[in-house]
Structure formats: structure tokens, C-alpha cells
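Read through the structure below, which is laid out as C-alpha cells, and then see the notes.
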């Protein structure tokens with residue numbers, strides 16, 4: 001009955017779920033994709049472009065730190081650095097006060113985003129000309145009316161490609177959609193635009209979205225700005241890269257298993273997965289129509305918690321998504337004061353009992369815990385009892401339509417399936433179609449898990465859970481298999497911030513100890529993931545963790561994150 | 001592939017989905033049910049009991065109005081009438097001010113509830129002795145502490161049987177659960193009790209809950225207090241009867257297709273189906289585990305809108321169900337002022353295009369609309385385009401596990417299946433099990449419907465929808481087939497109040513006209529339902545309608561209902 005693909009089978013055999021028709025793809029779709037990508041090349045304007053210091057392949061091989069180079073080589077003017085290293089909060093205030101124009105702000109970001117793309121390959125589409133026009137229109141409006149159009153007036157915001165923009169191709173990573181012109185802006189695009197956002201870049205995402213990486217047939221891999229050998233994460237792959245590089249003030253991603261948090265954390269910025277139904281998914285081109293056992297969530301990536309709060313508050317309180325999308329709950333964003341350290345109790349996950357974190361992650365947890373304790377935060381251990389059950393259940397939820405929808409979208413163009421998309425197509429029982437009754441049973445397992453975690457919060461008076469984001473720092477491209485640290489918070493639907501600790505991987509410090517080497521692997525997956533970590537190959541990768549709160553207490557997560565990140569860890573991503 | 005049961009087949013053939021094993025049932029379960037029911041008889045205390053004026057069969061045959069008799073025969077003392085005809089809001093205030101004791105309040109309601117049961121057969125369980133003990137304890141607490149335990153201190157509240165009470169049998173209408181002792185209070189029982197509620201009666205509900213009637217193998221039918229020939233509605237059948245008779249201040253029911261609204265409206269009180277996830281279902285014994293395409297909702301029945309508001313506000317703001325049930329959203333109840341009539345726009349459904357309402361319902365709509373217009377409310381027509389699609393889709397959602405769960409619960413005891421439970425087991429495709437992918441497709445149809453209705457609200461600046469509750473007043477027992485007027489608001493998930501118009505069926509006034517008789521039936525269902533309405537057989541049945549608002553705007557629905565019901569229609573259910 002069940003068509004389970006074991007890990008062994010995956011590694012050794014020709015994978016299942018190959019719906020490719022390479023002839024169809026080559027004859028019809030590949031030429032269209034080339035044309036699409038040619039438009040991208042043509043839209044890279046000379047005034048924003050730089051000459052790379054070396055051929056890109058060489059930069060990748062030598063683990064090039066593009067962010068460091070940006071500053072060292074002074075690729076921007078001082079003024080451009082000032083603007084692009086300002087918080088979104090500061091930028092909107094400078095524009096609203098008439099000190100800065102939308103056009104000069106835009107130009108600085110267009111340049112930095114273009115450079116980000118040259119290094120990391122983060123864009124599916126660039127339309128900086130159009131963006132500049134919009135910025136100038138906003139300046140005109142301000143001049144004529146003496147006020148802004150909204151709280152995000154003039155803010156350059158990047159969008160994951162699958163967020164529909166009216167009149168533009170929106171392919172959602174699928175070759176089959178290479179000519180799919182969106183009839184309308186998605187609700188999210190509309191709301192941010194109405195609040196004053198300026199669009200100019202649509203960023204990369206992997207095929208089917210079901211990778212914590214970036215591979216698709218349009219753009220291949222997107223790279224990590226702090227170490228070009230590594231992945232930028234995914235599925236909001238380009239968002240991670242462009243926001244971390246400083247190429248946009250805020251980015252919009254989505255997350256059904258870690259897809260906001262992984263690219264943010266891996267690439268070097270913060271990313272917030274809100275509780276479901278606060279930010280609209282309406283109008284996004286994706287492959288989970290009607291799937292509501294584990295809901296995808298749209299949410300922001302940014303370089304400060306305050307900027308993420310600006311996004312959430314403006315989006316919800318000004319945008320009122322429930323007016324356009326009945327899936328969204330009319331629950332206003334509350335202003336929550338920053339708590340005091342000694343009011344907080346945090347439960348810490350050091351290992352989910354499933355896949356052991358690598359040395360840099362363990363150092364990250366150690367450093368953060370000791371700083372929290374020094375600041376007066378009460379820290380208690382949290383041992384997850386059912387991480388494996390949660391992992392298996394969420395995988396079944398993803399695929400329990402037998403991948404019906406994604407398979408048919410892939411089959412339509414016959415496009416080749418990237419390795420990690422194949423990997424996730426084989427999640428759960430792969431192509432086996434569950435019955436509605438089986439699906440309902442999965443929901444009851446999920447609800448039991450939610451009760452278990454809620455009881456942990458309530459019984460122990462724990463405010464937040466601190467945990468690894470992944471069992472490693474940013475992996476090599478095409479080499480990220482385990483989602484257990486992120487997808488647990490999707491199945492639980494807990495608001496979760498992936499945040500930078502301010503630490504970076506250090507090949508000297510972050511080595512496996514003799515003790516580590518005695519570890520008996522608890523699964524093939526753990527072995528694969530752990531063996532992938534070789535200290536020399538992850539130079540300078542950002543070390544990120546997660547902070548999760550109770551369901552719908554999104555405001556509290558961010559308020560406490562301000563205390564933890566700004567005050568206790570003193571992380572400032574605008575400084576280099 | 002599909003095992004659709006047509007309407008014809010249902011009427012003419014031996015119905016499908018008969019999972020009975022009559023030998024097992026008779027030998028094992030029937031004796032246990034008899035014992036269970038004997039306890040009910042034994043718990044009817046002499047001090048609360050009356051002598052019925054005639055044998056019950058005769059009262060039923062003559063369409064006896066038990067409420068009218070209650071007053072005419074002075075079955076209560078003046079003081080007991082004063083107490084039981086006070087609003088919940090008044091009662092809690094009198095108790096909190098020390099004017100009334102919990103014990104005397106309780107005794108009055110215990111008596112009135114017992115009489116209600118004698119006429120209508122509304123109780124599965126009565127425990128008035130225990131209730132009185134609890135009331136006395138609350139009086140002790142008040143005396144000792146000079147304050148109440150919570151906003152519902154001393155309020156006698158009735159509960160639908162499936163709401164678990166610790167240590168008591170909770171069978172949920174299933175014979176198989178006749179010995180199922182609940183280990184814990186359900187979240188709802190706990191929250192109301194913590195706020196001060198006193199329990200003493202658990203009320204009838206039909207097998208599988210999937211009837212707008214009451215039949216099960218414990219108690220047969222529950223009857224309408226205003227006309228004993230008629231049904232009290234369902235599935236919160238006993239709640240409709242006991243609250244309308246004045247035997248409890250507030251009742252707790254649940255609604256997945258009309259199950260709060262039908263018994264409230266049919267029996268003579270108001271009933272509110274909140275938006276999902278505001279009131280907890282956790283701990284209820286029911287047959288829709290993990291089904292979330294169309295969610296069941298727990299909610300109150302009462303005799304005034306203010307009392308329903310007291311329930312909602314106390315439950316949510318004091319009870320904080322999200323602390324015990326992660327399904328519940330931490331969205332506080334907002335105080336919303338009563339609007340002015342000329343600020344309101346109401347869309348009116350006169351006929352859903354599917355089953356024509358009978359003459360009393362049409363009179364109800366006419367009278368209410370003319371009073372609304374006279375008061376200055378703007379009334380616009382609302383023509384539902386997709387009522388049939390909604391009806392078919394919600395039926396498929398109910399049964400798309402092939403009735404897996406309810407079938408197995410029925411099969412466990414082999415109990416006979418009441419006609420209307422069979423009817424609903426054959427909804428959608430009956431025993432055909434849908435795939436998860438098909439289930440997802442149903443969800444997309446639902447979401448499209450929600451968009452359609454939301455657009456109606458937004459584009460026309462409509463605040464509320466006024467509609468029939470059912471195509472008729474309370475039907476004869478075992479004769480309620482069409483759910484289209486109620487289940488539409490379940491699939492849309494709109495907060496909806498079933499409310500009394502103050503009108504009652506009049507055999508002289510409410511007749512089919514010559515014009516009516518020319519009507520060409522649009523479906524077999526319409527024919528069946530319309531032919532069931534014979535003016536002489538519905539004497540004095542309450543005429544109720546529905547008021548629906550936008551999703552999660554529960555507060556606005558009730559605030560406007562206060563204006564409409566109290567001020568414009570001048571309905572006062574505490575007066576006789």
C-alpha cells in the first residue's frame with residue numbers, strides 16, 4: 001500500500017517521482033526560459049553594475065565574502081552606504097521629513113541589489129527603471145501634497161518571485177508558467193504598494209518551493225553573500241541573499257517548512273515566520289492549493305527586529321488584509337513593550353533528539369545562553385519528546401495529495417527535477433495519495449503535538465523557546481536535507497524569528513571534538529548531515545538561531561527579540 | 001467511482017450506510033441505555049416535578065403550547081417567575097450585589113428546567129441535587145469573601161451532552177459511549193465553571209450530530225416547547241427546548257451546519273454561531289476529529305442578545321481558551337457600541353434559489369424588512385449565485401472521509417440509525433472515501449465562495465446579511481431535510497445569529513397563495529420541504545431569521561442585533 005522511499009533507496013537508486021519529459025522541455029520551454037533570462041540580463045543597468053574581482057566560479061571556489069568586499073572595495077559611495085545601511089524605520093522617517101528623496105534612496109538600493117545579484121544570483125527579475133519611475137512619482141506626490149502615501153513611502157522592498165505582480169510574468173519557479181502573466185497584484189503586493197513600497201527586484205526560489213535551498217531551471221543556485229561557496233538557503237533564497245547583502249530594506253518571503261527562516265539565517269539577516277492567517281498568501285503562485293494541515297505563511301526578512309515590526313504593523317493595521325482575503329484574521333498588531341530581562345523565561349533546545357547540531361551551532365547556543373543568563377534571563381532546558389513524530393507527520397502533510405499538484409505542474413513542461421526537489425517529493429509516502437480520513441488523522445497528531453508544546457509553555461511558565469535554526473550553518477549548495485529544526489514550528493504554527501547571533505563560523509574554533517567523534521549516529525539522516533560539516537568549508541558563515549513564542553503571540557516574540565538581539569547580544573546588521 | 005445516493009434512491013430504497021447489528025445492540029447496549037435513562041428518571045426530584053395536564057401523547061397530538069401553559073397554570077411561584085424571567089445579566093448583578101442567593105436562583109431554574117424536560121424531553125441527564133450543592137458553595141464563598149468567583153457567579157447554565165464533564169458519562173449521542181466516563185472537563189465546561197456557572201442539566205442531541213433534529217437511541221425526539229407536535233430543532237436539540245422554555249439562563253450548543261441556530265430559532269430563543277476558533281471545542285465527544293474543511297463551532301443560546309454578549313465576552317476575555325486549546329485564537333472580545341439605524345446597510349436574502357421559504361418565513365422577512373426600513377436602515381437585496389454549489393460542497397466536506405469515523409462509532413454498538421442520520425450519512429458521496437487531493441479541491445471551492453461573499457460585503461458596503469434560518473418554521477419531528485439556509489454560513493464561516501422576530505406562525509395568515517401554487521419546483525428537495533408545510537400543523541411556531549456579519553466581526557453582529565431586536569423589533573423573550 002505505502003510507497004515509502006527509504007533514505008537508502010534515495011541515495012542509491014534512480015529516484016522515483018521523475019515526471020520529466022526532456023524532449024518537451026528542450027523544444028518548448030528551455031527557449032522560453034532563455035528568453036526570460038535574457039530580459040533579466042538586459043535589465044541590469046550599466047550604472048548599477050560592477051566588474052567582479054575575478055570570474056564568479058573562482059570566487060565561489062575560494063569561499064569569497066562578497067559583503068566584506070563591498071565595503072573594502074568601496075563599491076558604493078559614502079552617501080549610498082549611509083542610505084543602504086540605514087534601517088527601514090530611519091529611511092521612511094527621513095523621507096517623511098523631507099530630508100531624503102525616494103529617488104536617491106531608490107538609486108542606492110538599486111545599485112546594491114544589482115551588485116548582490118551579480119555575486120549571489122538572487123534575482124529572477126530586475127526592473128530598476130520602473131522602480132525609479134515609481135520612486136519619482138512618490139517624490140512628486142510628496143511635493144504636491146506635503147505628505148506621504150503611507151508608512152512605507154519610498155521604501156525599496158524585494159519580493160519573492162511567486163508573489164504576483166500585475167502584468168508581469170509570475171512563474172513561481174515552474175517552467176510551465178514561463179509565460180504566465182499575472183492578472184492582478186497579489187494581496188501582499190497590493191498592501192505594501194498602497195503603503196508606499198517601491199518594487200524593483202523579484203527574487204529566486206527553488207522548484208516546488210520545497211527546498212531549504214534554491215535550485216530551479218531558471219537560475220540554478222543562489223549563493224550566500226558571506227561565503228559564495230555556500231547556499232543562501234531557501235525557499236525564499238533570493239530574499240535571504242539580497243536582504244543580507246543590504247540590497248533591499250525589507251524582503252517578502254514565505255515559509256511552510258523553514259523557507260523564510262533558513263535563507264534569512266543562512267545568508268545573514270533576520271526572518272520572521274508569523275503565525276498563520278496574519279499575512280495574506282492570496283495571489284501567490286504556488287503548489288499547495290487547498291492544503292491546510294500545515295499552512296504556508298508569508299512574512300518579512302530584514303536587518304533589524306524593529307524593521308520587521310514596521311512591516312508587520314503597517315501590513316496588518318494599515319493594509320487590513322481581511323478586506324481582500326477571508327483567510328486573514330482581523331487581529332490588529334498590538335504595540336508590546338520590550339520586556340525586562342529578569343521577567344523572561346526561555347526554554348532552550350540544544351538537540352532535537354533527531355539530528356545533532358554541528359560545532360558552530362552549538363557554540364552559538366552556548367554564547368547566547370550565557371549572555372542571556374548574564375543579563376538575568378531565566379533559561380531552562382527543553383527536551384523535545386516528539387521531534388521525530390512531528391518531522392514525519394509534517395512530511396506526510398506536505399505530500400499527502402501524492403504530490404498531485406506539484407507533479408502535474410512539473411509534468412506540464414517536462415522540466416528536469418533538481419535533486420532537492422526530488423528529495424522532498426519523496427517525503428512522507430511520496431506519490432501515494434492519502435485518503436481524506438488519513439489526512440484527518442494527521443491533523444489529530446498535529447493537534448496533540450500542539451497541546452504538548454502548549455502545556456510546556458503553560459506548565460513551566462516559559463515565554464519563548466530558543467533553538468537551532470538547522471543542524472548546521474549555511475550548507476553547500478544542493479546539500480541541505482534535514483528540516484526538523486524549522487518545520488517543527490510550522491506544524492506547531494508558532495511565530496518564530498530566525499535571528500543573527502552576530503557570530504560567524506570559525507574553522508579554528510568550530511571543530512568536532514574527540515568526544516563528538518564517538519557519537520553513535522541516531523539515523524542515516526544525522527550521519528549525512530553531520531558528515532557534511534567540515535570546518536574548513538564553511539568559513540565565515542553566519543550563525544543564526546530561532547526564537548519562538550506561543551501561537552498568535554507574534555508581537556511578544558518581536559518585542560523580546562528587540563531586547564535579546566539589540567540589547568543583550570548587541571547585534572547590529574547595519575554595521576560592518 | 002462515486003457512490004452517490006440520489007434523493008429518489010433515498011426515498012424509495014432501503015438506505016445505504018446501515019451499519020447496525022441489532023443483536024449486539026439489543027443484548028449489550030440497550031440494557032445499558034435503559035439503565036442510563038433510569039438514572040435520569042430517578043434524578044427528577046419530586047419538588048421540581050409537575051403533573052402533566054394530559055398524557056404527553058395527547059399533548060403532542062393537539063399541538064400543545066407548553067410555555068403558555070406554564071404561565072396560565074402558574075406552575076411556578078411569582079418569585080420563581082421573577083427570577084427565571086430575568087436576563088442572565090440581571091441575575092449575575094443581583095447575586096453580585098447580594099440581593100439574590102445562588103441557591104434561590106438555582107432552585108427556580110431547576111424547577112423550570114425539570115418542567116421543560118417533562119414536556120419536551122430535553123434532558124439526557126439531570127443532576128439538580130449536585131447543582132444545588134454547588135450553588136450553596138458559591139453562596140458560602142460570597143459570604144466568606146465578599147465577592148464573586150467570576151462574572152457568571154451562580155448562573156445556571158445548560159450544556160449539550162457531548163461537552164465532557166469530569167467523572168460523568170459523556171456519550172455524545174452514541175450508544176457505544178454509554179459507559180464513557182469523561183476524565184476531564186472539556187475546556188468550555190472548565191471556563192464557564194471557573195467564571196461561576198452552575199451545571200445541572202445536560203441536553204439531548206441526535207446521533208452523529210448531523211440532524212437539524214434530535215433523534216437518537218437514548219431519548220428519541222425532543223419537542224418544541226411552543227408546539228409539542230413540532231421538533232425542537234437540532235443538533236443542540238435539548239438546548240433549544242430548555243433555553244426557550246426558560247429552564248436555563250444560557251445554553252451551550254455547537255454548530256457545524258446549523259446546530260445552534262436551528263434549535264434556537266425553531267424552539268423560540270436566540271442562538272449565536274460565532275466565527276470559528278473563538279470558543280473551544282476541546283473535550284467535546286464528537287465525530288469530526290481532524291476535519292477542518294468546515295469546522296464545528298461551540299456557542300451560546302439565550303433569551304437576549306445582551307446575555308449572549310455576556311457569554312462571549314466572559315468566555316473569551318476571562319476564560320482565555322487559548323491557554324488550554326491552541327485551536328483557539330487569542331483575540332479579545334471587543335466592546336462595540338450599538339450602531340445607529342441610518343448607519344446600517346443590510347443585504348436581504350429572500351430565497352436562496354434552491355428551496356423556497358414557506359409563507360410564515362416570508363411574512364417574517366417582510367415584517368422585519370419593513371420595520372428596518374421604517375427605522376432608517378438601508379436594505380438591499382442579496383441574490384446568492386452559488387447557494388447550490390455551497391450546499392453540495394459542504395455536504396461533501398462533511399462526509400468526505402466516507403463517514404469513516406461516525407460509521408465506526410455506530411458499528412461499535414450496532415445501534416439502529418435514525419432516519420435523519422441516515423439522510424446525512426448519504427450527503428455528498430456517502431460512503432465514498434475522498435482522496436486528500438479531492439479534499440483540498442473542496443477547500444478551494446470553499447475559498448472561492450468566501451471571496452464571492454466578501455466581495456459582496458465590500459463592494460456594496462453591506463454590513464450584514466439578513467436571511468431565513470430555514471425554509472420553514474420548526475418542522476415535524478423527523479422531517480427536516482434542507483440545511484441550505486444555515487450551512488451556507490458554516491462553509492463561509494460567518495458569525496451568525498439566529499434570532500426571534502417576535503412573530504409566531506398563524507394558520508390563518510400563513511397560507512400558500514394561488515400564486516404560490518403555480519410554483520414549479522426547482523428540485524425534489526424543494527418539493528418535499530414545501531409540501532411538508534401545511535398551515536394547520538405549525539400552530540404558533542416561532543418565526544426566526546438570521547443575521548450574519550463578516551468573518552470575525554462577531555462583536556458587530558451582536559451590537560447591531562441589539563439595535564434590531566431590542567429597539568426596532570422590540571422583541572423581549574422574558575415577557576409572556
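Every residue gets a Cβ built from N, Cα and C, even glycine.
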Seminar exercise, completed: Listed by TrEMBL with A:209, A:256, A:257, A:258, A:259 as binding substrate, from among A:235, A:237, A:280, is A:235
Seminar exercise, completed: Apart from the site residues A:209, A:235, A:256, A:257, A:258, A:259, the 8 Å Cβ neighbourhood of the substrate centroid comprises A:210, A:211, A:212, A:234, A:236, A:254, A:255, A:260, A:262, A:296
Exercise. In sequence order, what residues of the same chain, 6+ apart, have a Cβ less than 8 Å from the Cβ of residue A:258 (substrate binding site)?
Worked result: A:212, A:469, A:470, A:483, A:485, A:486, A:487, A:490
Problem set entry | Integer Å distance between the CA atoms belonging to residue A:259 (active site, acyl-ester intermediate) and residue A:235 (active site, charge relay system) | 5
Problem set entry | Predicted model, mean pLDDT over the domain 'Amidase' (A:104-558) | 97
For this session: Whole-number Å only: compute the distance from the Cα of residue A:256 (substrate binding site) to the Cα of residue A:160 (active site, charge relay system).
Result: 14
Seminar exercise, completed: For residue A:209 (substrate binding site), the same-chain residues 6+ apart in sequence with C-beta under 8 angstroms from its C-beta are A:162, A:172, A:173, A:234, A:235, A:254, A:256, A:259, A:286, A:287, A:296
Exercise. Any idea what the Cα distance is from residue A:160 (active site, charge relay system) over to residue A:257 (substrate binding site), rounded to a whole Å?
Worked result: 16
For this session: According to DSSP, folded down to helix, strand and coil, what is residue A:209 (substrate binding site)?
Result: coil
Exercise. In sequence order, which residues at least six apart in the same chain have a CB under 8 Å from the CB of residue A:257 (substrate binding site)?
Worked result: A:210, A:212, A:294, A:394, A:398, A:483, A:486, A:487, A:490
For this session: Please find, for A:209, A:235, A:256, A:257, A:258, A:259 as listed binding substrate, the greatest distance between any two Cα atoms, in Å.
Result: 10
